[in-house]
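Below is one structure, written out as structure tokens; the observations come after it.
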Amino acid sequence: MIYPVIWQNNCVLLIDQTRLPNEYAVVEIHRSEEMARAIQTMIVRGAPAIGVAAAYGMYLGAREIETSERQEFLQKLEKVAQLLRATRPTAVNLFWAISRMLKTAYETLGTVAQIKENLLQTAQAINAEDLQTCQVIGDNGLAILPKTPTKLTLLTHCNAGALATAGYGTALGVVRSAWREGRLERLFADETRPRLQGAKLTTWECVQEGIPVTLITDNMAAHCMKQGLIDAVVVGADRIAANGDAANKIGTYSLAIVAKAHNVPFFVAAPVSTIDFELTDGSQIPIEERNPVEIYQVGDTTLTPPGVEFYNPAFDVTPAELITAIITENGAFAPCDLTKSSKQAVV
């Protein structure tokens, strides 16, 4: 199993996902500022993994605070939370994990040392819970995949695998469960421009576990569906509104439109912590814009002439009506049933 975030020897170990697939490297994180930078630069990425990393980042920040006075400690911890919140605006798991850590701090009665101890325990609990959640999501997804053919060919976008979570994955968790039960023929992976998470990360995960994988460019999906090569689409999500609108990596929306046009089921797999019940619909989801260098430069090569302007949103929002079902640890639900079926599980 692949574990992108590990607590070991009083520090956090992160798989450096910016170096995959050509180099497997592990980065040690000792301070909250280092964690914020790792999240911002996508050394660690994927909404659930970011949440786990942020939880540990909160503990690292708490560990750095040198005071025994409770109120002063909590004020400084709020500044750590502010630092981490500013890293990635779209992934709601980040904010959820930070809020849970703050709740632990404020509700702990006792010394500052006891608060710090409880914060570490909470971060470790978030880590363990996410791993278990992903395994359940995988099995819940397997249960609602099309029954025919016996062996399915699935298509995914970006990387919603073990690297994007505490382990196992959400969308790739469904793929893993299907592979384990003999129900997967092959996975098609979109390359996912501009950062190529599908090409670099999803294919890498599949190769590690012997899962048959075929890489395609993003603009090949419609052709593959027309040729009858795809039985279902399974993607992850970074934030889901109460009505079922789902924000995921840029290109997911167009993939959902194409799937609808070809009568291919389109599933979103995500933990309940990704659902933001405070947002009525997807128009309220903040969309991160990243450095345009991701578009116009590959390595040291610039692809465009001078004078070109760029627009680089990292995410788009897929309307609920294009989604067949949202797969959570509580089961799989039609988007219209999301609130009544899942809200009680939100911490």
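Note: Cβ is positioned from N, Cα and C throughout, glycine not excepted.
Because the structure is a prediction, the values reported are computed rather than measured.
Record features (Swiss-Prot):
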ACT_SITE  ASP238  active site, proton donor
BINDING   ARG45, GLY46, ALA47, ARG88, GLN197, ASN248, LYS249  substrate binding site
SITE      CYS158  site 'Transition state stabilizer'
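Taking the features listed in Swiss-Prot, we show where each one sits on the structure.
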residue: ARG45; record: substrate binding site; Cβ contacts under 8 Å, 6 or more apart: GLN17, ILE39, LEU163, ALA164, GLN197
residue: GLY46; record: substrate binding site; Cβ contacts under 8 Å, 6 or more apart: PRO4, ASN159, ALA160, GLY161, LEU163, ALA164, THR165, GLY236
residue: ALA47; record: substrate binding site; Cβ contacts under 8 Å, 6 or more apart: ALA91, VAL92, ASN93, LEU94, ALA164, GLY236, ALA237, ASP238, ARG239, ALA270, THR274
residue: ARG88; record: substrate binding site; Cβ contacts under 8 Å, 6 or more apart: ILE39, GLN40, ILE50, LEU94, GLU288
residue: CYS158; record: site 'Transition state stabilizer'; Cβ contacts under 8 Å, 6 or more apart: ASP190, THR192, GLN197, GLY198, THR202, VAL235, GLY236, ASN248, LYS249, GLY251, THR252
Which residues, same chain and not among ARG45, GLY46, ALA47, ARG88, GLN197, ASN248, LYS249, have a CB within 8 angstroms of the centroid of the CB atoms at the recorded substrate site?
ILE50, ALA91, CYS158, ASN159, ALA160, ALA164, GLY236, ASP238, ALA314, PHE315
Cβ-Cβ neighbours of the residue listed as 'active site, proton donor' (radius 10 Å):
31
Whole-number Å value of the largest CA-CA distance among ARG45, GLY46, ALA47, ARG88, GLN197, ASN248, LYS249, listed as substrate-binding
17
In all the protein chains shown, the tally of other Cβ atoms within 10 Å of the Cβ of LYS249 (substrate binding site) is 27
DSSP three-state assignment (helix, strand or coil) for ARG45 (substrate binding site)
coil
GLN197 (substrate binding site) has how many other Cβ neighbours within 10 Å of its own Cβ?
27
